[in-house]
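What follows is a set of notes on a single structure, which appears directly below.
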């Protein structure tokens with residue numbers, strides 16, 4: 001794709017995610033949706049946090065595209081670095097994790113992650129927009145342009161910090177309300193929960209490493225240069 005086509009694509013994706021966030025924010029008149037969003041509102045669900053994350057990422061990406069055309073690459077290195085850090089450590093791993101984790105659990109036993117009652121509240125197209133389309137979009141971003149990866153240590157530390165923050169919020173909501181964010185957690189013992197969270201983190205860390213490999217395969221070594229010690 002040409003630079004202009006890529007800019008247009010990024011703007012269309014940003015518009016799509018902005019629309020999804022707005023659509024979901026409209027609670028409607030049904031009785032089920034307010035119950036779903038109670039005790040932590042939308043921000044207790046990784047799916048919806050991911051939609052917000054993707055909106056922020058593509059907002060930064062569009063700004064980066066525009067400023068590059070106006071000022072050139074050298075004048076916006078900091079913004080480009082922020083864009084790459086956001087994509088490599090969060091946007092790609094989280095989006096891919098949401099896609100894989102949701103459909104694995106859904107196909108095994110949908111009641112563990114997405115009970116049938118949600119079909120009466122959330123249209124089929126919206127379910128696929130939140131859980132299916134996110135993967136080809138994030139994969140397309142890998143193919144459309146290179147992203148500079150931080151060192152493995154830095155990238156994994158940032159991803160771990162995000163994982164620990166989200167897990168802490170899940171536990172805090174449970175202790176405050178007595179209700180788990182996802183039904184699957186209610187089926188697990190404390191040891192099972194610890195194992196589930198640990199395996200989930202290993203899974204998302206593996207996705208991060210896969211993203212780095214894909215980026216290297218497509219664009220060569222794009223790691224951020226390390227500062228030399230004096």
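From the backbone N, Cα and C atoms, a Cβ is placed for every residue, glycine too.
Whatever TrEMBL says is automated annotation, not expert-curated.
Database features (TrEMBL):
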TRANSMEM  7-25  transmembrane segment
TRANSMEM  45-64  transmembrane segment
TRANSMEM  85-105  transmembrane segment
TRANSMEM  125-144  transmembrane segment
TRANSMEM  156-175  transmembrane segment
TRANSMEM  187-210  transmembrane segment
_Would you say the transmembrane segment (187-210) and the transmembrane segment (45-64) are in contact under the rule of three or more C-beta pairs closer than 8 Å, pairs 6 or more apart in sequence?_
no
*Most CB pairs under 8 Å with the transmembrane segment (125-144): which of 7-25, 156-175, 187-210?*
7-25
